[in-house]
Amino acid sequence: MSGILADKKIIVMGVANRRSIAWGCAQEMERQGATIIYTYQNDRMKRSLQRLVSDDAQLFECDVANDESIERAFTDIKEVVGSVDGIVHAIAYAKKEELGGSILGVSRDGYALAQNISAYSLIAVAKYAQTLKLLNDPSSIVTLTYFGSERAIPNYNVMGIAKAALEASVRYLARDMGDANVRVNAISAGAVKTLAVTGINGHADLLKMSQERTVDGQSVSLKEIGGTCAFLMSDLSTGVVGDVIYVDKGVHLI
Ligand code: NAD
């Protein structure tokens, strides 16, 4: 198949349903010739994913809260599919009660959980991919972040802090994986209505506010985010390292 990702195999982590950013990335990368390997969090997500993909799609369970689960998933992928050219990490979680009101209400446990799933998991994923020699030379890791890492967005709270840690993790990982010719970058996506976003208190206001601030009054689409992901996975982006690329139709400018 032709396209900028012809002959590339890419792992996509974090498809919950057809609204997921990970699904938008998978679709665009497939359009560019990539073979996609999916990981899912649990059986519920597996059933949801199976409704979207063809019967012969490669699906592997991977709960990023658990090192053994990551190690098992990547070991199995290497055995079944071989080494890969990239990983898309589109995973975040915080308790609903931590995503509203004042940041002063954030509990120690809630803070740690958000950091663990939404930021540390990128380091764990990169670590097992590296130690299991899952990644080809060159290859690319892309994660998804949000502007709430830089600005105090209403209700985003503990997730904004986790995204700041995630973006810093991108830079340190990019430095330390450079020798292996693995690029690590983040896409800072504009707000789109997904399962994760509906966990934020007042998410309808957040989505409306974000849409109003785009340059043309239209929210960014999954296709647009996926297109940038395809570029970052391709050899066209070998000079882009440790960066955060906005795909938000200008919201961060205004
Ligand atoms: P989503 O709900 O569709 O996807 C979130 C995914 O995280 C789900 O597939 C879920 O199974 C997975 N996940 C959560 N805990 C996990 C665990 N322990 N192990 C494995 N997987 C786990 O929502 P989304 O909005 O597509 O989120 C994808 C990424 O994009 C997240 O990092 C999110 O913060 C980021 N993002 C979203 C927006 C937005 O407006 N939707 C904007 C910028 C960035």
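Cβ atoms are placed via backbone N, Cα and C, with glycine included.
A TrEMBL annotation is a machine prediction, not a hand-curated record.
Site annotation for NAD(+) in TrEMBL covers Gly14, Ser20, Ile21, Gln41, Asp63, Val64, Lys163, Val192, Lys193, Thr194, Leu195, Ala196, and the matching candidate from Ile87, Ile91, Ile103, Ile141 is Ile91. The two recorded residues Thr194 (NAD(+) binding site) and Tyr146 (active site, proton acceptor) have their Cα atoms spaced 13 Å from each other. Site extent for NAD(+): the farthest pair of Cα atoms among Gly14, Ser20, Ile21, Gln41, Asp63, Val64, Ile91, Lys163, Val192, Lys193, Thr194, Leu195, Ala196 sits 24 Å apart. Highlighted here are the recorded positions (Asp63, Ile91, Ala94, Tyr156) whose C-beta falls below 6 Å from ligand 1: Asp63, Ile91, in sequence order. Ile21 (NAD(+) binding site) falls within a helical segment according to DSSP. With Ala196 (NAD(+) binding site) as the anchor, the candidate recorded positions are Ala94, Tyr146, Tyr156, and the one with the nearest CA is Ala94. Between the CA atoms of Ile21 (NAD(+) binding site) and Ala94 (substrate binding site) there is a gap of 17 Å, rounded to the nearest whole number.
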